[in-house]
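Enquirer: Below you will find the structure I want to go over with you.
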Ligand SMILES: *Cc1c(COP(=O)(O)O)cnc(C)c1O
């Protein structure tokens, strides 16, 4: 049992108690965060299980689905509908006046301030260091414009070989825009042969070994494997070697605790529709360390919303940037998206913030891991399933990436028909992400029991 470090937190006696649904129910009963589940709209199994739902009883169709997909799109907080509707009220009742005179006291001229402090808390930053703006990939481009200053000797960007494709494309196209051949300018790093995750030491050795790296831009939590990188160690080391260090926190924000200010991270970008539950295409986030708050020496992609608030509406042709991250805003922010984000961030704060959520998350994912290993022991032994994600809870967030060397899509379809919503990444991976804000131990239990049934259907010879 103690093979899985996270399990020690659950204080379970033996394998039998792990396999008992009563354990899941007890863990849910002890969970002080369980009440937040009802703050979210959970789709029914009927609505998501596809055309061939697989249920024994008709009545099961109306039950909530088992949603383990918050890594891809977070569920909707129920209050979001009310809060966004208030913006429609403001618009219909006040028109342009809503910018200054807002019936719910959220004037649009400063709507971004509704999320600034929340975002700062979430990523361990000072308010001056963060802002909500644009979308993730466009913010990566914006930050590369400012922080990637290639010279003849230093002109490379280091990213993961299996970085999210958008990051790959962004880096590649950005290099091209600067007249640098991506084949020379993009340096990628992959796990060792036979391994799934990058070793911190290998990352450091790569950085030490190539003095032409100008920018290190890795992801905080790897989208494919779920590995949580050692951000402070890598940041400090790369900066010592003369690199600028930016992080893509798409899968880290709202998932793991971050201390971006203390870690001296130069910049970071994230989207908000995954763990931050802001809705598809929601407004993204940006962190720029305080050390650059008054730095106007670097080029930036400027826009009127980055101009000092005090004289933004003077419409002067001379750009006077706001201090800090806000000075990089380009357009007036999408109000519906910003309020939708605010709604979810309020719930994060009511739940006690990221450290409280993380404590539950470590238990929940540890429970998932242990239950998978015990329930599917024979399938693990036969190498029909593997876990790619690090087993050390400190080196991962809530997501576990399962690899199915053969038949992944059949397994995925089988889970789907049971109303277990997760996602697949071809060719072989299914990602399961139990989210501490709205997932229960009973969700995890059901997902694993469904997976066992599916595995026995997909690999009938195995039992
Ligand atoms: C989700 C994700 C994206 C998506 O980019 P958008 O600009 O929000 O569409 C990019 N990079 C990473 C690492 C992601 O996880």
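Backbone N, Cα and C atoms are what each Cβ position is placed from, and that goes for glycine too.
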Enquirer: Say TrEMBL lists 136, 137, 164, 165, 166, 167, 219, 248, 251, 273, 332 as binding pyridoxal 5'-phosphate: which of 100, 304 is in the same site, per that record?
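Expert: The one candidate that TrEMBL places in that pyridoxal 5'-phosphate site: 304.
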Enquirer: Which of 166, 219 (the binding-site residues) has the most other Cβ atoms within 10 Å?
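Expert: Buried the deepest by this measure is 219.
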Enquirer: Taking every protein chain in this structure into account, which of the binding-site residues 164, 304 has the most other Cβ atoms within 10 Å of its Cβ?
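Expert: Answer returned by the neighbour count: 164.
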Enquirer: According to DSSP, which kind of secondary structure is residue 136 (pyridoxal 5'-phosphate binding site) found in, if we only use helix, strand and coil?
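Expert: The three-state answer is helix.
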Enquirer: Near residue 136 (pyridoxal 5'-phosphate binding site), which residues of its chain come within a Cβ-Cβ distance under 8 Å, counting only those 6 or more away in sequence?
Expert: 166, 248, 250, 269, 270, 271, 284
Enquirer: Just the number: how many Å between the Cα atoms of residue 274 (N6-(pyridoxal phosphate)lysine) and residue 251 (pyridoxal 5'-phosphate binding site)?
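Expert: About 7 Å separate the Cα atoms of these two residues.
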